[in-house]
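Colleague: Mind looking over this structure? Questions follow.
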Amino acid sequence: MTRIALLDYGMGNLHSAAKALEHVGATVDVTNDPKLIAKADKIVFPGVGAMRDCMQGMHEAGIDEVVRQAVFNKPVLAICVGMQALLESSEENGGVPALGIFEGAVKHFPDLGHLKVPHMGWNQVYQNDPAHPMWNNIDQDSRFYFVHSYYVEPKQSDLIAATCDYGLQFCTAIHKDNLFATQFHPEKSHTAGLQLLKNFVEWNI
């Protein structure tokens, strides 16, 4: 059975993510222990809330370097602020440095007129590469659940695995080698979200 380290650095409710991963067949360790993370087959890097708190929580838990190393040697799924933290910086709070694994920045939604920010609720996701194993058995334009005021803007367009429209078209998933990341919350996205988590559990790289 696939053993997944679900990173716990004080950001958000990990219960729903842990239960969803267990539901699709994973053994889950909710942990910030570098030794357990190193032993895991795969890593899920969640995150909700503010980027500054996210970066501070990782640093205080001593797992920022663990994450930097993990993305090069085992399958990683980053979710919401976890995905945003992979880029170089965020506009939040006047500018917050992030992990810098990928070139690019995290931008705040502009004034979208009649559309409210944060972007909260269900929205369609367009898969740039439906053949990617993480999209197995997920229909094009399936709906996923979002809660965010910021979105990622990677410098390399070939990192973009999916997009979404909310007043503007924005990147909602990125991928490179053994890493996949989503702005939406698969653990809150019912059938399509559970399928994506199942695909991650079964993803052989």
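Every residue, even glycine, has its Cβ placed from backbone N, Cα and C.
According to Swiss-Prot, the record shows the following:
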type     : residues : note
DOMAIN   : 3-205    : domain 'Glutamine amidotransferase type-1'
ACT_SITE : Cys80    : active site, nucleophile
ACT_SITE : His185   : active site
ACT_SITE : Glu187   : active site
Colleague: State the three-class DSSP label for Glu187 (active site), counting H, G and I as helix, E and B as strand, and everything else as coil.
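Modeller: Helix, per DSSP.
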Colleague: Under 8 Å Cβ-Cβ from Glu187 (active site), six or more apart in the same chain: what's there?
Modeller: Ser16, Ala17, Lys19, Ala20, Leu21, Ile79, Gly193, Leu197
Colleague: Could you measure between His185 (active site) and Cys80 (active site, nucleophile) for me? Cα positions, answer in whole angstrom.
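Modeller: Given the Cα positions, His185 (active site) is 7 Å from Cys80 (active site, nucleophile).
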Colleague: Applying a 10 Å Cβ distance cut-off over all chains shown, what neighbour count does His185 (active site) have?
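Modeller: So the Cβ neighbour count for His185 (active site) comes to 21.
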Colleague: Across the whole of the domain 'Glutamine amidotransferase type-1' (3-205), what does the mean pLDDT come to? Round it, please.
Modeller: 94
